[in-house]
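Residues annotated as signal peptide in Swiss-Prot, with sequence analysis given as evidence: 1-20. As annotated by Swiss-Prot, domain 'POTRA 1' applies to 24-91, with the evidence given as sequence analysis. Among the features that Swiss-Prot reports, domain 'POTRA 2' is placed at 92-172. For 175-263, the entry in Swiss-Prot reads domain 'POTRA 3'. According to Swiss-Prot, the domain 'POTRA 4' annotation covers 266-344. Annotation comment: Swiss-Prot describes 347-421 as domain 'POTRA 5', evidence class sequence analysis.
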Amino acid sequence: MAIKKLLIASLLFSSATVYGADGFVVKDIHFEGLQRVAVGAALLSMPVRVGDTIGDDDIGNTIRALFATGNFEDVRVLRDGETLIVQVKERPTIASVTFSGNKSVKDDMLKENLEASGVRVGEALDRTALTSIEKGLEDFYYSVGKYSASVKAVVTPLPRNRVDLKLVFTEGVSAKIQQINIVGNKAFSSDELISRFQLRDEVPWWNVVGDRKYQKQKLSGDLETLRSFYLDRGYARFNIDSTQVSLTPDKKGIYITINMTEGEQYKLSGVAVKGNLAGHSAEIEGLTKVEPGELYNGTKVTRMEEDIKKLLGRYGYAYPRVVTQPEINDADKTVRLNINVDAGNRFYVRHVRFDGNDTSKDTVLRREMRQMEGAWLGNDLVEQGKERLNRLGYFESVEVETQRVPGVADQVDVTYKVKERNTGTFNFGVGFGTESGVSFQAGVQQDNWLGTGNSVGISGTKNDYQTYVELSLTDPYFTVDGVSLGGRVFYNKFEASDADLSDYTNVSYGVGSTLGFPINENNSLRVGLDYVHNDLSDMRPQVSMWRYLDSVGVNPSVVGENVKSSADFKANDFFLNTGWSYNNLDRGYFPTKGTRASANAKIAVPGSDNEYYKLTFDSASYYPLTESGKWVVMGRTRAGFADGIGSKEVPFYDNFYAGGSSTVRGFQSNTIGPKAAYYKCPANLVGSGFNSYSGCPIDSTNMDDAVGGNAMAVLSAELIVPTPFISDKYANSVRTSFFVDGGTVWDTNWENTAETLKAGVPDYGKATNFRVSSGIALQWMSPLGPLVFSYAQPVKKYDGDKSEQFQFNIGKTW
């Protein structure tokens, strides 16, 4: 016992050694206090083994080694004869980790940070680490302006040397900026400078960017904004001397003072480009031209550097170094730009790889590549491949990396990392309006069938007035050169009278095929043939309908009022279709920049029962207002025109319509434009030699049924904004926009007669009867499929128009 006490004293006070100069030989090692840690694991962590001769240094190393495992709070080493006794106190095991009071920081983020610090369920608790964790979390709150915040770790002991760990947060309130002072500005007012900041001491109601809540990171960004503002206006000697952030005694107010030196404005005296230009000096000099007397501009200097890097990157110089050293002449207030360029090595591409395409086949991605293996690297070609993959619409995100090949000086591998989205959808649409009630439609579409890139779809509608089924198939790479082949088969039974359209029934079916030919990266042409059969019956006498029938030589007999004509009409038509498409959108879903446009034409070829042509145009352009693409303006234009050939008219069943979620939101589908003007022939005239509807009066009591027209124009403008309360993780899956829609449909062949004027029928030949609506839309690419909601209120409407304020579509995705 005396030996044990003496050994403890020597370890604690290091005043003497009990082992003598030669130490002693360890015959056995015995542990006391082990519970969770196995004896074998403890022995492996020690530098001492049975049979070793040890001294004071070995004992010290043993204690340090055991502490280094992180499993023990206390370690003592004692000697009992030739047995080494190791007494330990294990750190308690964490049984649970909980949080309380944290509103600004999510539990998942806290757990992730704690685990990075070694604090997780099932691990030993290091009490010393809790202090630094508390301080680190409090520092985070201070950085976002919550200076009264506190974080306390509460450890509750449990049986079997376990503990519950609970972090208790008292967040407090964010300190608000009371005043921002700028000292040293002469050329520009403080108000003008502060107006460019995110942090503000005053925020008007319309400013959705400004913030009075102090955040250290935002202040750093505002200081950089201030620096760039002056450097872009020629103040080459501008400097921020100091920044003071003062806190009020109650920790609820912040005063910010920025001390700066403006200096004088400097002009550019010239640009000198030196170094290894890889034989592209003429092109580089063209990128660095400046006008005589031009003010120094920091942003322009940065742009020059980036342009030089992009230029060299196009020729395979993947890692050029471009450094600009401004040579400032204070005497004449000029700056000479010395641009040093080192193009570095030129690289070949060894492999182009794809990662993350679990469904899509490699060939589907590889055929979109413009950067070839074995060729010189071209950064523009690599980026072009990324854009083309994004444009497919198969992927939620596409990233690209260029990595050097180890041990090879002039080769790189290009890897595209994709995150696939669900491209198969079973969807149905629902609409609700005060006049229309509820309507439904359904469809199945797989845009990347079995990962082949082929599109297969079947869509259908079944309701009170329509039974419609369509099967479609498109192979975008029917040939290796990118010629596409598409086809469709459809069947449609349509009872227009039940759809608030003019009275008739049409049973139609058809088949069609289209070939597409790429012209360049963004343009393509297509040509196709269609066959369509239409079987019309139950046609109620109506002005534009009877005008068409008369043009094709069908003259129904006159019947009395409230009796439908017994006239039937069948048409077999063959159409030649041609079209042009342009697309340079940055991605297929939720684009932020670029334009998509298409123009199409179809004409009935000889041998058809009808003779007419139809033209359509559709264009949508996106203009980002911010570099992040969170604020975007979108404009869309749709137009159409159709006309008969010779004395023939356009079939009334192939008219243009507008209204609904795809054209003018806020209006019921297809209800904008000309309405039916039904003939109402008196019964006493029928059968008395009266054989023409032209002399019958018009029923002025029933003019609400839409008939469409042969011309259409629809305009839309949308402001796409960041969706509130959505984290950056889901920002690419949700889109919110405010919109204004406008559109009209008219009949260029309409002529008012004495009877139509008497009945008060409007002039349906006018193109100026524009309908307008405004509202808000929300689109969400949810795990269950695409969800689209819109609420719109008609701003300008006409008699007979039918509103449908709330519309949404719901889809199920596999």
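Even glycines carry a Cβ here, placed using N, Cα and C.
Across the domain 'POTRA 4' (266-344), the DSSP tally of helix, strand and coil residues reads 24 helix, 29 strand, 26 coil. In the predicted model, residues of the domain 'POTRA 1' (24-91) average a pLDDT of 89. Counting residues per DSSP class in helix, strand and coil order gives 20 helix, 26 strand, 22 coil for the domain 'POTRA 1' (24-91). Counting residues of the domain 'POTRA 3' (175-263) by DSSP class, helix then strand then coil, yields 21 helix, 29 strand, 39 coil.
Taking DSSP states H, G and I as helix and E and B as strand, the domain 'POTRA 5' (347-421) has 19 helix, 29 strand, 27 coil.
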